[in-house]
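Please read the structure below before turning to the comments.
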Amino acid sequence: MLIAGANIEPFFIYPKQFFKKIYYYLCFSKKSRMILTIDVGNTRIKSAVFEQNTVLETSVFLKETLEESIEKIFKKFSNIEVLVLSSVGKIDEKGLDFLFGRIKIHVIDRDQPFPFQNNYATPNTLGIDRMVLVAGAVLQFPAQNRLIIDAGTCVTYDYVDQNDVYHGGAISPGTRLRYEAMHNYTAKLPLLELEDIEKVVGNSTSNSMHSGVVNGLTFEIDGYINAIKAEKENFIIILTGGDANFLAKRLKNTIFANSNFLLESLNSLYQYQINND
Ligand SMILES: Nc1ncnc2c1ncn2[C@@H]1O[C@H](COP(=O)(O)OP(=O)(O)O)[C@@H](O)[C@H]1O
Ligand SMILES: CC(C)(COP(=O)(O)O)[C@@H](O)C(=O)NCCC(=O)O
Ligand SMILES: [K+]
């Protein structure tokens, strides 16, 4: 039975689904509906406001300023109806108590529907951020092998094949962790900030450290891509995370760099989940 354009089951058979679909239909048939997506990583919180699939604004903030940053966004975009949250950091929906009763909050968790088959041997320990990235890659790039690389606090590599089966990947330290580890676990090495370096042969302590971090990670990423490409064909490689733009220009492989990919994936996964609930 079709009611007002919404694909709705008769309510006497599925009363809960019926009212849920009516609710979503009324919410999302409005032209101006906006969605706020929030990604809580281990270093920073990233957010984006979407109207359909268009990003209106993105911001980055630390967990200490979560409430004021979100209030600022709500002041500017009063049509936000849903907040979609994924968190691997130390904030969960309790950190959003100040929004209670004001908007719908959709927290991504691993029991919800995802558009791929998960073959990770420990699915209950798989990072929610990685699951969102894989979902985004499957929804945005159908019917091809995909490798998603997220260069954040850690660098994560995630491989999902052309049949939408997720196999896993790799986790290694991100740039900041590499600099901090060298400083924290030695007597003599200073704590440096990430720097663009052309040299491969570092001629000082700082140049050697920059070369080790920057070239080390670049070679790692190219090496990882080459190793996986040697086994599979027809690949798209997506690079995202706080260091994506910095790293993209250094890589030899052709990649699709998009530092908002996780925020965009939250938007597309949310649409998928409300249609498959
Ligand atoms: N303003 C910034 N503050 C902190 N890290 C930054 C900043 N700009 C770029 N970065 C880089 O981004 C990385 C963190 O990326 P991000 O994707 O935000 O991590 P996470 O999702 O783990 O919080 C750091 O390794 C750092 O090199
Ligand atoms: C590997 C991560 C720490 C990456 O987090 P990020 O760098 O994005 O902050 C996160 O995805 C996580 O906690 N994963 C759990 C372990 C796993 O994915 O197997
Ligand atoms: K990451």
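From the backbone N, Cα and C atoms, a Cβ is placed for every residue, glycine too.
Residue environment of D129 (active site, proton acceptor) contains 26 other Cβ atoms, counted within 10 Å of its Cβ in all protein chains. The active site, proton acceptor annotation in TrEMBL covers D129.
Taken from TrEMBL, the feature ATP binding site covers D39, V40, G41, N42, T43, R44, I45, K46, T153. In the three-state DSSP reading, T43 (ATP binding site) counts as coil. All protein chains included, T43 (ATP binding site) registers 18 other Cβ atoms within 10 Å of its own Cβ.
According to TrEMBL, the feature substrate binding site maps to Y120, G127, I128, D129, R130, T205. DSSP classifies D129 (active site, proton acceptor) as helix under the three-state reduction.
According to TrEMBL, the K(+) binding site annotation covers D150. DSSP assigns D150 (K(+) binding site) to a strand.
Note on proximity: among G127, I128, D129, D150, T205, the recorded positions of the record, the Cα nearest G41 (ATP binding site) is that of D129. Candidates I45, Y120, G127, R130, T205 (binding-site residues) were compared with D150 (K(+) binding site); those inside 10 Å Cα-Cα are R130. The binding-site residues under consideration are G41, G127. Their Cβ neighbour counts within 10 Å are lowest for G127. Listed binding-site residues near D39 (ATP binding site): none (candidates G127, R130, T205; Cα-Cα distance within 10 Å). Checking the recorded positions G41, I45, G127, D129 against ligand 1 with a 6 Å cutoff on the Cβ atom leaves G41, in sequence order.
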